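Peer 1: This is the feature table in Swiss-Prot:
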COMPBIAS  73-84  compositional bias 'Basic residues'
REGION    73-142  region 'Disordered'
COMPBIAS  107-125  compositional bias 'Basic and acidic residues'
COMPBIAS  126-135  compositional bias 'Basic residues'
Amino acid sequence: MFAVIKTGGKQYRVAANDLIKVEKVAGEAGDIVEFAEVLMVGSTIGAPTVAGALVTAEVVEQSRGRKVIAFKKRRRQNSKRTRGHRQELTTIRISEILTDGAKPSKKAAEKKAPKADAAEGEAAKPKKAAPKKAAAKAESAE
């Protein structure tokens, strides 16, 4: 069975175990991501999306595409400009295509939440205030 998903402003035709490169998706290698914008599953066409359909995928790697050079030259003006751009891409492997609100066999990992809690715990501990020097001078003057 195949599905058409929408991510990064583009549409991709995917099937189970497909390996595709899409625009950057948040996550590290090994994370599970879910695509809820499923436009078509098999012969079922959504309007605009198929209700209850979900595609899960595993992030294989985060990479960058080839460099695209934007070169502009104004003839006879001694004026030119060169700029380069490398698009960030994510390689994903499609795990499952689910329909009718079925639950994925692997849950999407939420690793970022514990890291944020640990950072908040460290930030919540106030540092001890330095002793006031003005008070120390006042005591020595007496």
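Cβ coordinates are placed from backbone N, Cα and C, and glycine is handled just like the others.
Predicted, not measured: the structure shown is a model, and the values here were computed from it.
Are these features on the surface or tucked inside, and what are their neighbours?
Peer 2: Long-range Cβ contacts of the compositional bias 'Basic residues' (73-84) within its own chain (Cβ-Cβ under 8 Å, at least 6 residues beyond either end) map to 67.
Nonlocal intrachain contacts for the compositional bias 'Basic residues' (126-135), taken as residues 6+ away from its ends with a CB within less than 8 angstroms of a stretch CB, are lacking entirely.
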Peer 1: Pull the DSSP breakdown for the compositional bias 'Basic residues' (73-84) and write it out as helix, strand, coil residue counts.
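Peer 2: Split into helix, strand and coil, the compositional bias 'Basic residues' (73-84) gives 0 helix, 8 strand, 4 coil.
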Peer 1: Treating G and I as helix alongside H, and B as strand alongside E, what does DSSP give for the compositional bias 'Basic residues' (126-135) in helix, strand and coil?
Peer 2: 3 helix, 0 strand, 7 coil
